[in-house]
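Working notes, beginning with the structure itself.
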Amino acid sequence: MAKRKVTQEKKATPIAKEVKEKTDYSNYLYLIFIAFYLLVDILPREQIIDTSYQHRFYLDIINVLASIFIFRNFAKYRSNSERFFTNIIPILYAGFICFAMLSLFAAYSPLEGLVTLAGYVSNFWIFANLFMLLYAARNNIKAVALVITFTLFYQVSMELYRFVQELGTTSLDSLIGSLKWNTGNKNIFAATIVIKLSFAIYSSFRTRGFLRIFSYLTVFLTIVMLFFVSARAAYISLGTLILLIVIGNIWIYWKDIEKRKSAIVESSSLLVLFIVGLLLANNTLTKYQTLQAAKTPGIETEAADSFVTGRIASIADDDNASNSIRVAMWKEALHAYSQKPFLGYGVGNYRIYSEGITKKHYTTNVYFRHAHNDFVEVLFESGPIAFLSYVGLFLLGLFFSIRILFRSEYSRERKFVAIILLGAGIGFLVDSFFNFPLPRTYMNVLFVLILSLIVINYLGGRKVEPLENEHKTKQNLTSYAYITIFALGLVASYINYQSYISGKNQYLVDSDVIKQKLSDPHPRFTYAQVDKMFASKVPLIGAQGGEPISVKKAKYLFFENRDAEALKLADVASKEMPYSIHGERVKLLIYSRKGDMDSTYKYSKIIHEHRPFSQSDFKMRIQLAGKFGQVDDVKKAFNQFNSYGSNQEAYELCVKQLAANKYDFNKDATILSEGLKEYPKSKLLVGIKKYYDYLKEHNLDPSKINLNFKPSKTES
């Protein structure tokens, strides 16, 4: 046994030994609650429309239990509470919530605002609990990092196993898009694991034996997974993180001759894992991209581009569709904000205005609930002071970290922890700029964890007066502040619970509706059952496609042929979301079934005017316009759609409807000529051109010829 112990000591790096000696294992009791917060992410997904509802529900339960634990031991935690409520970062976070709450007075839908605000309050409750628990166990960051590393390994290994199993049997784009764990989106998954990667790297540098090997394996698998996911924001975060830790680790220990070698070895190992992971992922994806292209007629495969480098190059590509639509959304949101610059449009209300802001960029039924930039969205919703408060959290975290790095009173280990936390914070910052981590429940757990550790790391190197020497009034105020957070948290938990129940019911109802054949529906639920499911007033808007709950109810009235009641609910939906066309879609279905084609055509025009980029909406409108002989509207619909970028089907649909209405292309051949120029091999366009050339050659009037050529049937 003694020999084995000596062998293990030899394997430990000098830095890892130093950290081990300082670790206080008596504090592991506090870490149980910390682990509960971190393990929520790997719980199996329920039958629920959005995992954020599920995570919020479980986290509120953990919040209550953690608060009870803290209250029972409050004599020990009072000083921790004071450190929390007197620090500038928690104060700024509380200010952000207060100003967001104030924006409710400007909200179109205060109820939707309350749903978002309840999430903010729960986040702050988590922040307070995590800080006090972590402060009690402040020298056990290694244990926290190990918990995160284990969750990361589980997530990444499960997704990699499925990816390898399906590689070559599924479309590569579809397979990459499915790499999302239980988050519902690959970008969310990528952002989560890139933040966790920082802690896994810490574990790989600061553990020994099996745990060290396990941590390095987790780091490698995560790097490979991030390249497989192909999320550009994650590429930026990953590259910045690796560069920061590699350089920072060597810089911190460069003057310590004994530990310099260990730091160089650790940094070199990380760099090697990054390069090998990049090459492995790139070769795999490029190979299967080439094989897939070879099976697709008309695609050159001899000089296939590198998959990963192609994605990296697209980051700065202004013409890239994903980049351009983000920039367009930001510009539209900022322009709209300029109309209400004081309080904004109300917390949680971006989704009310979203369709009005982004309707020019729709191509399918995709609905952008968020602005894909948390800073823009906070400014739009809650105004400039809330925006500055939120930005201030990032700036202060950066300031504290840099201060630790350049102040002599902080140990090298604290400096290295600052580098790790800075890397994790950059991961969250990049995602905040390109996506929307603020509304994602678990991402906020990671965010407040990072903030807590930054503050604790900062306080750890400073002399703090003992509690006995501090003013009693100050102690009481911080105690009352925590009690207030607990009380507000309980109110928020009730709202979150209503959202959780709604999320489960939305899943059941949406799954039922999608199976129905509109001409002969046999739904699982009745309207009365659905109405009872959504008895709560929150949320007003569903998670899937931004569809109001009132529209979900209206569909069941439609199934039961209760058209008058369904039309009333459709009107309610139009009032709840004045910039959406969900209510108009219900009306179109009802009038189409009734055979009222005038009304059907009317609503098809409204829907396409709302989303001129949408091919499905364009197709419906142009077919109905052709059916009613509205030649001018056929041309108008085509020109609107074509202004965003047309295709062969659009030209063929337009020309077909015009020809069916005996349009004289010999007098105005603009659309037909443009179509033939773009698509010279189109049989339909070529055939119509030959037909009208024949008429012209024989001096025949197309309006006097009875053609057996009719528009396609319109599908509602």
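Glycine is treated like the rest: Cβ placed from N, Cα and C.
Keep in mind that TrEMBL annotations are predicted by a computer and have not been checked by a curator.
Annotation source TrEMBL lists transmembrane segment at 27-45, 57-75, 87-108, 114-136, 143-164, 184-202, 235-254, 263-281, 385-406, 418-436, 442-459, 480-497 (among others). The feature domain 'O-antigen ligase-related' is assigned by TrEMBL to 218-390.
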- Item | Tertiary contacts of the transmembrane segment (57-75) (same chain, 6+ residues out, Cβ under 8 Å) | 33, 36-37, 40, 43, 81, 122, 125-126, 129, 132-133, 441, 445, 479, 482, 486, 489-490, 492-493, 496-497, 500
- Look at every Cβ pair spanning the transmembrane segment (114-136) and the transmembrane segment (418-436), keep those 6 or more apart in sequence, and say whether at least 3 of them are under 8 Å. no
- Query: At an 8 Å Cβ cut-off, counting only pairs 6 or more apart in sequence, do the transmembrane segment (184-202) and the transmembrane segment (87-108) clear the bar of 3 or more pairs?
  - Reply: no
- Model confidence for the domain 'O-antigen ligase-related' (218-390), as mean pLDDT, reads 86
- Note on the structure: Long-range Cβ contacts under 8 Å made by the transmembrane segment (143-164), restricted to residues 6 or more beyond its ends, are 23, 28, 31, 34-35, 38-39, 41-42, 134, 137, 175, 179, 181, 189, 193, 196-197, 199-200, 202-203, 206-207, 211, 214-215, 217-218, 221-222, 224-225, 228, 449, 453
- Highest-contact recorded stretch vs the transmembrane segment (442-459), from 27-45, 87-108, 263-281, 385-406, 480-497, CB pairs under 8 Å: 385-406
